[in-house]
Structures are given as structure tokens and as C-alpha cells.
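Undergrad: I have a structure I would like to understand better, so I am pasting it below and will then ask my questions one at a time.
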Amino acid sequence: MSVRVQDLTRTFRKGKGWRPKGDQVTALDGLTLHVPEHEVHGLLGPNGAGKTTLCKILSTILLPTSGTAEVLGHDVVSGAAEIRRHVGIVFGGERGLYGKLTARQTLRYWAALHLLPDARAKERTDALLTRLGLADKADDLVETFSRGMKQRVHLARGLIGDPKLILFDEPTTGMDPVAARDFRELITELRDEGRTILITTHDMDEAEEVCDRVTLIDNGRVLATETPRGLAEMSGLHRWVEAETTLDVTGIPGVVGTETRNGLLRVKTTDDRAARAVLDFLLDNGVRSVHAVPPRLEDVYLDLIGRRGMEV
Amino acid sequence: MRLFLSGARTQFWLVRRHPDELLTLCTIPFTVVMLLSIVMHAARPDLIANAFLAPTLIGLWGFSTGLAAEVLVGERWTSTLELGMAAPGSLHPVYLGRISAVMLLGVVPLGETWLLGKLLFGVAPTVHHPWVFWAAMAASVFAMAGTSLLLAVTMLLSKNSNNYLNFIGFPIYLLSGVMVPVQYLPEFLQPLSHVIFLSWSADLMRDSLAAAPVAGAGWRLLAIVGLGVAALVGGRVLLALSLRRARELGTVTYA
């Protein structure tokens, strides 16, 4: 097991001073999570759900308030030094980078902090710069890079210590679609190399595409852990039927609602039987472009987390 | 040692691309002109050494508070501090390496002061005891690196610590005897100067410029180094406590 978290709680105190005595805020509330080796595991949840706090505890940046967390068999408190040798963290966005260093200098600095001997540091730096397509820009300042290139520097930095577990904290934030696609391919490669990957994201398509399993977190608690498809199927959510038609299907039993987008009719039904009835009706009326759609991860997310809009 | 050197190398890379961080060097000429003008106008050649040492040591202190002490706060702003906390290497030697690199730059005001004195006023003090002078300078740079680590960690503890840092500059100049020899200060202030390594540095360097033999150079050097070690150990302990506290309270970043 790469990650074993049991009844993990993390609280924070508001206020100032060496020991703040203000209101207590609970970020993780008895969270339990198991991630086996070689799995790509997604952590999904709204802002403030506790995803980043969990990542910080697993990477030994934060201490837990209660409960236990083990990474690669080591406790995050008593075995922190051992964990740090085998865990890489990758942030999204601008944080965590030195704009005034080149990509090569950035990696050399972090290689030293990962205790790589000089020769190994040079070798690993060159290999990662090449692997991530940064070799031509290796001696350019990071501040001159595009968002996608900065993200690749983040990735290279996270991989410098050859980690067994990689924690990605919203890694595709601000990436263009091409860079995001490349990133997803890299995740698959890393998993195939035998690494375990824990990734926090708001991008449901990304989670659906790259994650073996996902965990939905809200208010510091686990709502569900399953494969993306399994989560959708066990959710009992509405089935959708999509068809290129203008026919009226609202009278069919089990139809909850309809919407039309770009000439595509989407019919929301209560269950598989109602979806079948809609399909039969449309086919009987000569509609040929028609198919049933299982609920997507995004639908499950919205159903379980709630449609909060901007609320956090 | 590798972590220390890596930190120093990284700091040189960073400073090279942040020329604005060397602004301290631009303030030196003003101090040099002001002090040497007074000394020359008053026809007090015996005070030339004082006028040369003040900008040199003020420059060293300026690099400490203006650049070295900001290293950890900068790390916190860029979130590289938390990444460092998750790395297997110890942070203390890395940051000490970065701070020491800055303090090596703190020697530049010495050359700048000498050059300006020669160019603008046609004077430069004779160094009668060069070994003592350079040993005192080296010990001062070491002690300043230790003090800077302590200051840098202190800066982590409060968002407003910059204000305090700006404030203590002038009291330090006064109590360390950088501007005015300590023996001319009110008597009740003089004991305070003994715990400030710069006061030992200023006195020893001043004596090394004079023709008279330097009394107790070894002990005085030891005092500078000892105070530097005390600051270094204090900084090391405070850094460990601060990082532990940040892990407990979740105050690693400003976010």
C-alpha cells in the first residue's frame, strides 16, 4: 500500500502569536483513504474540502492533529525523513518556482536538496529536461516560460528525486489543452514506470481519463472512493439519452427533463428502463443518431458535492 | 557541505539576475563622502580610519538586513519553503549557504570605500597590521552570516518583522561603535555593545589600522567568532523550532 490514512483529522487555529487561540477550523475530519501501489488516484472536491491539506500531510509539510497517515509504509510523523526520500510534489501555477533561475539551475538546486551526488544530479537533470521537452530552453530563465513550460519545470522538479509516490496538487491549472493532454500522457507513463500518483484536481474530464480510482472529499470527509465509471454507475443518477432530433419526448414516463444544445436533444431519465423507452420511441420515429449516456463523473460530483457555485 | 555550497551557488545565480538587490552598494558613496568630508574639513587625520571603517561595516550590515535576512521570507512567499520542507535534505545548510554568499558580497563595500576615499579625497588609511585586519574582516563576515541566519528566522515569525529590522539598524550602528567609538558613548550604554560582535570588529579593525601594537588580538577575534557562533546556533535552533511550529500550525505559506 502506498498511502494508508486512517481517521485523519487536521484542525487549524485562527489568530496570531506563537500559539494562536482563535476559532478552530477543521480541514480534515476523520478521513480514511487507502491507495495501493502503482495506482493513479484522484482527489476531487470543492475548494476548502481538504485535498491540499491531505497532500501536505502526506508530504510531511504539515503534521496531523490526530489519526494516522502512512506513506510507503512509513508514518508521516515518526518516519518523515524516509518518506521525503521517496515522495515528489508537483504544484500547479506559478508557486514553487524561482523565476530568476534557469530550468537547469532549478533542477540542480532541487537535486542537491534531494541529496543526489553531483554526477547523478547532472545526469538526472539532463535526462528530465530532455524527457519533458525543455532541453532547448534549459538555460533560459523560468520567468520567461509559458504556463505550460513552467508546469513542465514543476514536473521535472517533482521527479528529480526519482520518487515512488508523486503528489500532484492541481497540476493542470492554467494549462492549454495541448499541454494538458501531454500532461495526461505523462501521468500514464509514470504509472507504467511503477510509480503511485495522487492527484488533486477540479477537472472531471482529466480525472475520468487518467485516474484508476477517485475519492470525493467534502468538508474533510470522504464521500466515496471508486473507479470513475464505478462511481457513476453506483451513484444511481439519471441516465441521459442524446439524439439529433426535435421530437417531443416529455410525455414518456420516466423522463425528468430535456435540454437542447446545438441541435442535440438531451433527455434526462430516471433510470435504465425509462432511457430504454426513450430510445425505442426515437428509433421508432426514424431518428438514427441516438445513444444512451451513463452519468459522467462531473454529474456524480455535482450530485454528491452539490451545486454550490462560488461557495467554498 | 554539498547543501551549503549548493545554497551559496544558487544565491549567486539569483543575485546576478537581481541587480537591484545590490542597492546597498549605491548607498556607500554617500556615507563615505559625508564622513570623510567632516574629517577632512575638521583637519582630523587621526579619524580617517574611523571614516573608512564606518561605511565598510555599515555596508556589511546593510547586506545582512537588506538581502540575507530576507532569504527565508522570500522562500515563504514563493512557496519554495514548503517544497524545501518536503525535501530530504536539511534546509539549514542550504539557507546558511545562501546567506553566506550574500555576506561574501558584503566585503565589496570595503573596496568601494577605499576606492572612493582615494579618488574623491586622495586619502586612504595605512593598514599597519594587515593580518589582524583581514582576520577581523573574515571573522566579521562569519559572525554576520550567523547573525543574518538569526535575523532571517526572526523575520519568519512575524509578517511585520521588516519594520523591526529597519528600526534596529541605527541602534546597532550606535552600539557597535561603527560610527562613534564605544568609549565615547554614555557609560550605561557601553556594556550593551559587548554583546554586539560589530563592536569587537570595529575596535579591532580600527586598532589594526593604527601604528601601535594590537593588544589581545587573538581574544578579540575569538569574541567576534564566539558571538557569531552563538548567533549561528541560535539561528539553527530557532529555524528548527519555527519549521516545527509551521508544521503544527499550518503557517508554512502566507496563503
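Just so you know, glycine gets a Cβ as well, placed from its N, Cα and C.
TrEMBL lists these features:
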DOMAIN    B:52-208  domain 'ABC-2 type transporter transmembrane'
TRANSMEM  B:21-40  transmembrane segment
TRANSMEM  B:52-73  transmembrane segment
TRANSMEM  B:94-111  transmembrane segment
TRANSMEM  B:131-157  transmembrane segment
TRANSMEM  B:164-184  transmembrane segment
TRANSMEM  B:217-239  transmembrane segment
Undergrad: In terms of Cβ proximity under 8 Å, which residues at least six beyond the ends of the transmembrane segment (B:131-157) contact it?
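TA: For the transmembrane segment (B:131-157), the list is 57, 60-61, 63-65, 68-73, 76, 95-96, 99-100, 102-104, 106-107, 110, 165, 197-198, 201, 204-205, 207-209, 214, 217, 220-221, 224-225, 227-236, 238-239, 242, 246.
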Undergrad: Give residue numbers and ranges for long-range contacts of the transmembrane segment (B:217-239): same chain, 6 or more residues beyond its ends, CB-CB under 8 A.
TA: 72, 91-92, 95-96, 129, 132, 135-136, 139-140, 142-154, 195-197, 200-201, 203-204, 207-208
Undergrad: Any residues 6+ beyond the ends of the transmembrane segment (B:21-40) with a Cβ under 8 Å from its own?
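TA: For the transmembrane segment (B:21-40), the nonlocal Cβ contacts are 15, 47-48, 50-52, 54-55, 58-59, 62-63, 66-67, 105, 108-109, 112-113, 116-117, 120-121, 123.
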